[in-house]
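Report on the following structure.
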């Protein structure tokens, strides 16, 4: 079966690839901060983040994501480490995005929000406000946390200690299913809150003295297993109506979250065959969720080491691995090579059904400019990437229309 | 012989700006009134405040839309941005202005709030402040995971423990942990950076805080409650009070009361600033300002608004009454207050029967309609006059210890501060009681407050 025959479910169709970069600390390699181009003492400054996002915007990228977590970074997936040789400490991702928003004009801003320990009401208005301060460029990447030590930072629920080797046990499956179901509820509550004001609710009718038409404000009345949210939001409907919701997914349970609730899923295939299989699974879940006719992007995540000489990229990876003391691996495929080689790979993966990519620069100071000044011109030469920003909103860049309000009378 | 007042050094006036809020002080019907939600309005307002060398911008917050008679209250501005997000965005368009956010201690958790304030402080290079407020009502709770979980009598105990816990998180990093030595490969000096354990009545949490120490160490702490408990909380824990007493006599009484409580906590009088909210109206002459003041107060109280305000006291549906007619002759409903929700204001009327009686007598004696009554008994603007009059009044109030300065509340968004910045501020500067340039970079610098590191060092040394 060809890739295109599995597409009609509803990939937003575009001859162009969509490109995002994932920003985290000094880069995705644990030793990235030790490179001369890194600015490890500036990771908590506005200037550092402004420079990164400005560089991404220079490359006409669709958006940046900003990593976050409600605990210190760790080399272990599920528990803290006591390492002192890697970047530790970070700023709130939503606030980094807000700080950068007034200084950029086209690029989308997609901070991470951990949904397990936070309030849908707060996140809803925070992302709506990010959409206001960026005039329509906000998104959010929702993330669950199954980490027991992060739960202890809040003291509101107790999660069992989780070991990576137990991931397939029934108890852990039940826990993760519950956390992802909660995430889907969370996104539903957030989306209802964004719609809880109709676009024309503010009327300023001097004759009757009414600032709003309260018939256009709606209770969200969300009730789920873990929370209920009455609404309406205290923040009016944001410029995009619905800011873009995204999630990273590696297995069926999170694919289901993507299929039910997201506009973009980030997935981690290591080759075209895996990409095709993942896309098909997500499309099937999408149909099962009754969203077959809604656009849903599936982006591939790749860690990238980019150099004009492929040997240089490979050598850089080896050197960093040696500094780190172990070979860096992770969920996503690690690419080392030239911008032209990466362009080949992206086109091949796109053939398999991916509509875009979220690149994780191994060293931000090196590989982000290599994306914007090397990869992007290469993709432009091939006619598969934009020559200039064609829209003012993130939804616009992603080919998503501004959605109707679920509460608005359609009569 | 010099008098006492001449011996006393002249106090410097502190000024700040409150973004116009969601009550009837804000005149949205004015042709000059702009958006209350677009970023351009906030940016305009913040830039004006910074041009005027103000200490900070202040944002209030309410976590549920107000309702009256079971419906969303629609006569005032409705809708506001998320506090942290808008303040952090404003850090991008200002350089010196402090950024004060009102954040509730009931419907938040310390770990999250602490990382948000620490992040704001980093991203603004040391300009963050937190107005710690409490609420308990189940009405607001309906928007949150735990619902209305907190008994009213525990709200200050939770607020105090919330602030204590947040301070423990802020202090869990000392500021020297990040070495980032690429040669040796040491990023952190201490693997235990950020470690904390807090076990208390309201919070039982432990782990590692993940935001390294911010430029101010801790955000500047504001308190706004007026009850005895609130004043005590401020005296023990706050750096500044957002008070409601902007008149000379009330201001002096409050100032004396609260500053008098500081010694009990081993604090000096300059460690807590008292900054009342103050409305103002400017005119070319005092007479013109008086004229505008009357007009603004009529704009602030439409007939519909007057009826709604009467309902705060009567606790009944009064929509059948004519605002241009006489006051209701029925008495207030003394049962549980149910008519207006999400409003602190209704608690001000502790004896509704007496208030109703007093208002009926006033209206009868002056031949006032309902609307006239509400306008006349409502607060007159704190400062009304020519720029010279207003500058002199502000200065004299501060010198007379009615306050340490004022948080100005303009009635027009976003331009309501412009004239003040252009006309009153230069006169205060001429009087030598107001800065002509920012001397420091952090909000603590502007307010003359010590860096909390110093406090800690002194304790360690003593």
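Using the three backbone atoms N, Cα and C, a Cβ is placed for every residue, glycine included.
Note that TrEMBL annotation is computational and uncurated.
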Legend entry - Residue from B:73, B:156, B:265, B:321 that TrEMBL also lists as binding FMN with B:102, B:227: B:156
Inset, instruction - Determine the Cβ neighbour count for residue B:227 (FMN binding site): the number of other Cβ atoms within 10 Å of its Cβ. - result: 10
Legend entry - Among B:102, B:156, B:227, the record's FMN binders - longest CA distance, Å: 18
Legend entry - residue B:156 (FMN binding site) in three-state DSSP notation: helix
Legend entry - Chain-internal residues near residue B:102 (FMN binding site), provided their CB is under 8 angstroms and they sit 6+ positions away: B:58, B:59, B:60, B:61, B:83, B:131, B:133, B:222, B:224
Inset, instruction - For residue B:156 (FMN binding site), just count the other CB atoms lying within 10 A of its CB, please. - result: 18
